[in-house]
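What follows is a single structure, written as structure tokens, with notes after it.
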Amino acid sequence: MDIKVVNHPLVRARLTIMRDARSNNVVFRDALADLGAMLIYEASNDLETESFDVETPVSTAEGHRLKNPPIIVPIIRAGLGMIDPALSMIPDAQVGFIGLARDEKTHEPVPYLEALPDDLSGQPVMLVDPMLATGGSLLNAVELLVEHGADDITCVCMVSAQPGVDKLVNSGLPVRKLVTATIDPALDENAYIDPGLGDAGDRLYGPRNIDLESR
């Protein structure tokens with residue numbers, strides 16, 4: 001699996017805004033949108049293109065378009081914030097959804113939604129989630145994609161923790177690439193990324209209201 005840490009001044013600047021505890025929901029959301037577009041740009045640099053003739057106001061030029069646009073799959077809830085940035089870069093992409101919430105007692109992912117095409121074989125998939133912490137949610141989502149035949153998976157995460165990256169690398173799952181803005185060294189006692197940026201879903205949308213024990 002290829003791991004790409006995007007080291008760019010604008011990436012570092014937006015990431016700093018997201019890390020800052022003083023950033024309110026609006027500021028955090030705007031920074032996430034900018035950073036999301038930058039990471040999708042990096043993640044898409046090896047998508048296959050096809051050429052065609054395009055008429056300019058002067059003559060004919062060679063044009064290019066994606067031969068097989070990817071499907072963008074956010075892990076709900078925080079991943080929802082990455083849909084618009086992804087579509088701004090790849091407007092002809094499809095969108096699927098995987099809903100996973102973290103059980104705060106066990107730190108394990110609890111699935112509650114799946115909306116994916118029946119057959120993803122031969123289809124580039126970009127699995128997007130701002131955080132890769134323990135790796136539990138991401139691996140759960142990758143396994144769902146594989147069950148639907150996915151064989152070309154790129155994970156796009158803004159902040160990754162080394163334990164989660166190691167878990168993904170050692171999973172044996174067919175993830176081709178991880179694109180991230182940073183790899184933080186550790187998790188705290190509550191399995192949050194340290195230093196991280198807190199709960200991305202809460203900082204985007206406010207505290208969640210999902211009763212996991214009733215599911």
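Yeah, the Cβs are placed from backbone N, Cα and C, and that goes for glycine too.
The model shown is predicted, which means the values in this text are computed figures rather than measured ones.
The 5-phospho-alpha-D-ribose 1-diphosphate site in Swiss-Prot is built from Arg77, Asp129, Pro130, Met131, Leu132, Ala133, Thr134, Gly135, Gly136, Ser137, Asp199 plus one of Arg22, Arg29, Arg102, namely Arg102. For the pair formed by Met131 (5-phospho-alpha-D-ribose 1-diphosphate binding site) and Ala200 (uracil binding site), distance between Cα atoms is given as 7 Å, rounded to the nearest Å. Within the set of binding-site residues Arg77, Asp129, Ala133, Gly135, Ser137, the entry lying nearest in space to Ile193 (uracil binding site) is Ala133 (CA atoms). If you take the C-beta of Gly135 (5-phospho-alpha-D-ribose 1-diphosphate binding site) and look for same-chain residues 6 or more apart in sequence within under 8 angstroms, you find Pro163, Gly164, Val165, Asp166, Lys167, Leu168, Ser171.
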